[in-house]
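A short write-up of the structure that comes next.
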Protein chains: 2
Amino acid sequence: MESCLTSAVHRFLEQSVFSSAVFLAERLVAENSSESNVGLLAQAYYRSGDGHRAISLLQNGVHSPSNKYLLALCCYEAGRLAEAESALIQTKYDGKNHGNEVEDVPNGAAGLYLMGCICRRAGRIEHAIQYFTASLKEDPFLWSAYEGLCELGCEVPPEEFFGHSAREAINMQTLAKAKMQESNSKSKVELPRKTTPAKGKKAMSRTYTEKDRPTKLRQTTIHQELEETKTPSKPQYSSTCSSEQLVLKLLHDYGSAFQALSLFRCETALQLFKNLPQKQRNSGWVLHQIGRTYFEMANYTKAARIYQTIRENEPHRMSGMAVYSTILYHLKQEVNLSYLAQQVTDFDKRSSEAWFVAGNCFSLQKEHDTALTFFQRAIQLDPCFTYAYTLCGHEYAANEDFEKAIGCYRHAIRMDPRHYNAWYGMGTIYFRQEKFELAEYHFRKAIAINPQSSILYCNLGMVLHAVERNNEAIAALEHAQRLQPLNPTARFHKAKVLVAQGRYEEAHQELEFVQNAAPKESSVHFLLGKVAKKLGRIDDAMRYFNNALFFHPKDNHLIKAAIERLHEEDRDENEESLVA
Amino acid sequence: MESCLTSAVHRFLEQSVFSSAVFLAERLVAENSSESNVGLLAQAYYRSGDGHRAISLLQNGVHSPSNKYLLALCCYEAGRLAEAESALIQTKYDGKNHGNEVEDVPNGAAGLYLMGCICRRAGRIEHAIQYFTASLKEDPFLWSAYEGLCELGCEVPPEEFFGHSAREAINMQTLAKAKMQESNSKSKVELPRKTTPAKGKKAMSRTYTEKDRPTKLRQTTIHQELEETKTPSKPQYSSTCSSEQLVLKLLHDYGSAFQALSLFRCETALQLFKNLPQKQRNSGWVLHQIGRTYFEMANYTKAARIYQTIRENEPHRMSGMAVYSTILYHLKQEVNLSYLAQQVTDFDKRSSEAWFVAGNCFSLQKEHDTALTFFQRAIQLDPCFTYAYTLCGHEYAANEDFEKAIGCYRHAIRMDPRHYNAWYGMGTIYFRQEKFELAEYHFRKAIAINPQSSILYCNLGMVLHAVERNNEAIAALEHAQRLQPLNPTARFHKAKVLVAQGRYEEAHQELEFVQNAAPKESSVHFLLGKVAKKLGRIDDAMRYFNNALFFHPKDNHLIKAAIERLHEEDRDENEESLVA
């Protein structure tokens with residue numbers, strides 16, 4: 001009777017007929033409340049979206065690894081982190097070996113990964129890294145663990161996980177699975193298809209020797225292999241290259257690229273993503289990452305083009321839309337952003353990214369309160385949406401509610417200490433409040449995370465200039481300029497520092513560059529005028545001031561005053577305020 | 001490569017590591033977007049809670065039965081009924097056989113069940129019954145289909161599905177499954193454990209011959225068998241009784257009981273539920289049904305006791321709490337109801353039943369607007385929560401907003417034409433509006449669904465009395481009395497009719513009964529006084545009027561007036577208003 005009920009429950013779970021699965025599983029448990037039957041019922045509750053019930057059922061005491069895992073999973077999804085953790089590692093307190101915690105986590109790679117997620121959400125980064133690493137060592141296909149590691153800023157090379165040692169891990173894992181299957185006969189193990197083609201393959205020497213070659217070269221070989229295995233005319237390759245090995249190579253390439261992006265090595269990331277096999281490169285996930293890379297490089301036009309392709313190929317893909325909307329915001333493309341917001345919120349009202357897009361849309365239209373509402377709705381739908389907290393902070397900052405803005409940024413940083421945008425946000429607020437030391441501290445924090453960002457160095461330079469550490473300021477601004485040679489902002493600020501230092505000729509040179517790049521920028525003409533006057537070129541100064549007036553018809557009393565005093569000597573005490 | 005990715009995706013789905021399953025499935029589809037790979041990716045989207053994406057992916061055209069089923073399932077869960085239906089039966093338009101629709105539905109019993117659900121929600125009751133029946137014929141373990149049939153008022157005896165023909169169905173199903181497995185190699189089929197013990201069993205003759213015995217007797221035999229198969233000392237039974245046969249017997253017993261309750265044959269249902277094997281009888285689901293049965297019998301005290309047991313055994317069980325709260329409402333147990341509302345809303349904020357309980361709690365405290373808010377929240381969480389619509393109607397009625405109340409009742413009836421409570425609600429409103437014909441129509445509708453309800457007959461009697469069809473009224477009230485001999489309401493209303501007919505002695509007799517059952521009811525004493533006066537027993541009348549005054553210290557001008565006019569002759573034209 002039990003066997004018949006059990007198989008029926010499995011059948012209905014398989015077919016997602018949850019009501020029948022739950023009913024029959026309840027009958028099964030009424031017949032015999034064995035641990036495995038209770039586990040099956042809990043699984044049915046969980047699958048039917050009733051995690052709370054699964055917790056209640058399981059928390060009376062479970063012993064099998066799969067039940068402990070399920071309990072922990074349900075607790076984690078319900079946000080009950082402490083319970084989730086104790087469900088997984090309770091063995092430590094009643095078990096025999098008090099050694100490495102990692103060894104005590106039940107349910108193999110999935111259990112370790114879950115522990116990693118729990119630690120990450122609880123802010124215990126070191127533990128999270130430890131568990132994610134252990135999880136990947138046990139099952140190198142568990143990509144999310146590697147993603148987690150990258151997002152936490154881990155720099156372990158992907159060879160560590162997807163290289164030659166992974167092969168051994170797979171064997172170990174097969175063994176462990178088999179053992180688990182014995183102890184928990186209810187869990188279905190799906191290995192046959194995977195292990196069968198791998199059997200009898202010993203010719204792994206190719207990969208072993210390849211390990212020391214430079215990355216670029218090895219990758220080419222990998223892709224050659226990938227291509228070659230598809231061609232039936234070259235059987236010697238397809239027979240030496242097992243299915244797993246091919247997947248591991250693919251994961252290795254994905255991993256290298258994703259890690260580079262996570263460490264904000266954008267040029268490298270771009271190259272690695274573009275080196276992926278053609279088929280993979282055009283998939284939504286890869287395009288999203290390439291788009292994100294351009295975004296981090298502040299190359300918004302290219303980034304927008306990539307996301308537009310994603311919209312065309314996969315209109316149902318929500319992940320990435322948050323970034324896309326921020327790109328459209330930076331490009332000030334109101335119409336496109338409105339259209340996107342309309343589309344994604346129509347598509348799925350329960351998607352946090354959709355409401356994030358709507359928030360960006362209203363922010364661009366300077367409707368900051370509405371924008372706040374939408375960002376907060378995004379957070380309600382996904383309480384771990386770090387970026388939404390940061391943009392809430394930006395909105396509060398726009399409303400000059402600095403206290404609330406800082407609260408939001410702090411929240412974002414608590415959730416993800418590597419979210420440099422929040423550190424940047426705090427820096428800008430302290431800068432506006434003239435708390436320059438704090439501003440410097442936060443900009444330097446952001447730079448430590450993303451050392452390739454021109455805008456961060458630019459801001460740091462402005463802070464250093466404000467506290468009159470002008471040489472350091474110039475160094476920072478020059479670094480910013482190197483990182484993004486086409487963006488004139490760094491040069492402009494450098495010119496300001498040079499003016500403050502009395503280095504008018506150099507300032508003039510810089511400003512000439514800036515003027516060519518941004519010919520309609522009133523402040524550039526104004527500063528040029530100031531510099532020309534200092535250099536005694538009064539006619540030039542007049543021309544510059546007039547240009548400044550032309551491009552800035554409103555709020556022009558400063559310019560007019562400068563024109564009026566064109567033939568007077570500059571008073572030094574007034575200097576700073578004019579330049580600032 | 002594909003086989004390896006496929007097995008990894010299955011593994012991570014099995015372990016609920018959805019992020020990795022989705023990532024790898026996307027890689028798989030990027031490699032080769034075959035129908036089965038796309039199906040696996042859609043499955044991963046669906047399992048990770050992203051049904052919308054699964055729809056987008058699949059709606060570009062799917063052919064395999066499992067993919068059609070998944071598409072239909074996702075559409076159904078998203079409330080897109082028409083799309084769900086066309087996903088399942090699109091074969092009809094491009095296929096060869098235009099015969100029976102049932103034959104065209106893909107994915108076997110689960111597909112048919114889903115079609116049944118779609119038709120049911122679309123209000124096409126006949127089609128729903130047809131599909132549920134076909135589904136059960138194919139897989140008699142698909143209990144939800146039987147539940148659906150019962151809830152739709154179907155009277156097909158459970159023998160039809162769980163009797164001797166089910167054995168054949170199982171064989172057919174095994175065959176069909178095997179066929180499906182061929183056509184769709186990705187779907188996991190879990191039959192071995194079920195089919196193995198059944199093989200080589202032909203001694204089904206016991207069940208065949210038993211079929212004509214009376215129910216009671218057959219059930220005892222079934223339970224004997226159930227017990228005996230557990231005892232290893234009687235091997236001849238356990239060998240003749242296969243695992244499936246035992247489960248089918250159990251489902252048969254469950255089915256009989258549930259059907260009886262669905263048809264409001266409460267006494268029978270109670271007996272059948274109590275006849276279930278001890279272990280099963282104490283399970284939460286059975287206790288809930290027994291509690292519901294007592295509730296339908298208006299035996300609220302016993303019902304409350306049953307639900308109290310459920311709360312103690314399974315505090316996490318939400319289903320049934322709606323009924324329980326209505327019971328506590330009828331018992332006016334404010335404290336218990338408040339406590340329950342607190343507990344269940346704390347336990348799961350996203351449970352529709354929890355907010356239903358809260359609604360009942362506030363309704364009992366006459367805070368009808370708050371109650372409405374909570375009932376509406378329950379509806380928001382579960383748009384198919386018929387009972388919540390009805391109680392919304394009751395709240396609007398309490399606020400005398402009859403139009404909105406009728407809207408709610410209509411909505412409830414549209415969703416479930418067998419929800420007699422909504423028909424009753426409409427009847428009471430028309431009665432209050434003195435639209436007696438409409439009131440009669442709706443009460444009769446309710447009675448047709450639940451002919452065992454005393455309160456419905458009672459209301460019908462009142463309506464008939466109001467239109468002076470007094471003999472019919474008395475018949476209805478006497479029927480109500482027979483259905484629930486201990487409830488004095490029917491007798492009281494009968495007495496009123498008798499008074500109207502001038503049958504004072506009979507009325508007096510009835511009222512004496514009522515007075516004994518409800519000695520503190522002012523209106524009974526008042527009517528007794530009226531009758532005594534008619535019979536010329538002025539002293540008795542005075543005593544009754546004084547009692548009426550004693551138990552109804554407020555709003556007593558009617559009684560005082562009666563006392564003052566005790567020695568005057570009754571004016572006939574005033575008669576009705578005094579009695580009413």
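Glycine residues also receive a Cβ, built from the backbone N, Cα and C atoms like all the rest.
Look at TrEMBL and you will find A:181-215 tagged as region 'Disordered'. If you look up TrEMBL, you'll see A:284-317, A:352-385, A:386-419, A:420-453, A:454-487, A:522-555 marked as repeat 'TPR'.
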Contact set, same chain, for the repeat 'TPR' (A:522-555): CB under 8 Å, 6 or more residues outside the stretch: 492, 495-496, 499, 504-505, 507-508, 511-512, 514-515, 562-563, 566-567, 570, 578-579
DSSP puts the residues of the repeat 'TPR' (A:284-317) at 27 helix, 0 strand, 7 coil
Per-state residue totals over the repeat 'TPR' (A:386-419) - DSSP helix, strand, coil: 27 helix, 0 strand, 7 coil
Looking at the repeat 'TPR' (A:386-419) alone, can you tell me the average pLDDT? 94
